[in-house]
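Asker: Would you mind keeping the following structure in view while I ask a few things?
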Amino acid sequence: MSSVAVIDYGMGNLHSIAKALQHADANAAVTVTSDPDVILASDRVVFPGVGAMRDCMAHLAERRLEQVVRRAAAEKPFLGICLGMQALLEESEENGGTRCLGLITGRVLRFPEGLTGAAGEPLKIPHMGWNRVHFSDPSHPLWAGIPAESWFYFVHSYYAAPADPADVAATSDYPTPFAAAVARGKVFAVQFHPEKSQAAGLRLLANFLRWEPWSSR
């Protein structure tokens, strides 16, 4: 039985993610926790989050979880979701500049005002709703069994901009391309919400629960 720690640092609907993980694999032992010992003893770690980056980093610091997250990402299969993906980069331009965890080189940027769609219609910020995802590396194990150009559910005003294109595992468009997923080593992270993305999201979570990055990549 695989043990999965969902990191609780005071931000995000963690129980919906835990429920989706349990639905993806009924045999997984899923725990929502802020206990460093439990996190580091788990087989897999999920790092979710919604809200402001400044609050995210402050909450991690208050709970002394910054180094725990870094260590978990280096040692075991690690899934970042939404703000949890953005926090892996070096800096966010939110709130005039906020230092992030620095596990992936690059910055987090805000969608500019005045965006328009293909027909000239104004696009709202935040980017909210279903959008198509283009796999940069369709062979990655977390995309297994998910059709190309699948739709996933997004809610965000900021997006990750990795410096190295090799770190980008998927893109989406609003209206220009942005990183919808990143991958490096044992880390895979997504901007969308798999727990809200129906069959494709549940399949991604199931793939994560089976992923063995030490043997597959």
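Start at 1 and count along the chain as shown; that gives each residue its number.
Using the three backbone atoms N, Cα and C, a Cβ is placed for every residue, glycine included.
Among the features that Swiss-Prot reports, domain 'Glutamine amidotransferase type-1' is placed at 3-217. Annotation source Swiss-Prot lists active site, nucleophile at CYS82. Summarising the annotation, Swiss-Prot assigns active site to HIS193, GLU195.
Neighbours and distances for these, please.
Answerer: Sequence-distant contacts (6 or more apart, same chain, Cβ under 8 Å) of CYS82 (active site, nucleophile) comprise GLY12, PRO48, GLY49, VAL50, VAL155, HIS156, VAL190, GLN191, PHE192, HIS193.
The DSSP secondary structure for GLU195 (active site) is helix.
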Asker: What is the Cβ neighbour count of HIS193 (active site) at a 10 Å cut-off, with all protein chains included?
Answerer: 22
Asker: Under 8 Å Cβ-Cβ from GLU195 (active site), six or more apart in the same chain: what's there?
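Answerer: Non-local contacts for GLU195 (active site): SER16, ILE17, LYS19, ALA20, ILE81, GLY201, LEU205.
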